[in-house]
Ligand SMILES: O=C(O)CCC(=O)C(=O)O
Ligand SMILES: [Fe+2]
């Protein structure tokens, strides 16, 4: 385990190749039920470059009119999100050091030219639980800083199977994805990167 910033820990190679393949199959099943869609930025309605879906009781969504939020249904199909695969619940159990299970798993799909600007994950009421983030497929350049936007940042290349935990004083650390390195992994059939982000949303037992 490697500290990228206070409270931000990288577990390089957390999933071996066969676990990555098994998890990818689970995510394919999630996407078959809850298709990837293009989220839009609040107010401007500008499309994000990352395509998204979710599994879990709640999913993180954003659109022009209502902005960033969690909701129980897919914004395009109107269906409830599929359940979080057991493999991911077990991973949370292993690394989160939190007594309750995650409620939301955001599935981010990055094509070769997608990125995600520097931001904090702050749409959750429960900030005592960490954010647990897994990478599958192509490498990316991940950037993480402090809890102020202008704090210095460190960049690290994340590969398939790498896991990052943002917890404690790192829970609100600014972070983002500056670029994808297309063709650096053979896991997916085509180029691209999948990121899975597990979170608690509400406070207390649900
Ligand atoms: O893709 C990643 O590694 C980060 C994703 C992220 O920060 C988010 O979905 O909030
Ligand atoms: Fe984030």
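Placement of Cβ uses the backbone N, Cα and C atoms for every residue, glycine included.
In the record from TrEMBL, residues 119, 121 bind Fe cation; the candidate from 74, 175 listed for the same site is 175. When the binding-site residues 69, 119, 149, 175 are scored by other C-beta atoms within 10 Å, 175 scores highest.
For ligand 2, the nearby binding-site residues are 121; that is, of 60, 108, 121, 196, these have a C-beta under 6 Å from one of its atoms.
For residue 119 (Fe cation binding site), the nearest of the binding-site residues by C-alpha distance turns out to be 68; the candidates were 68, 69, 194, 196, 198.
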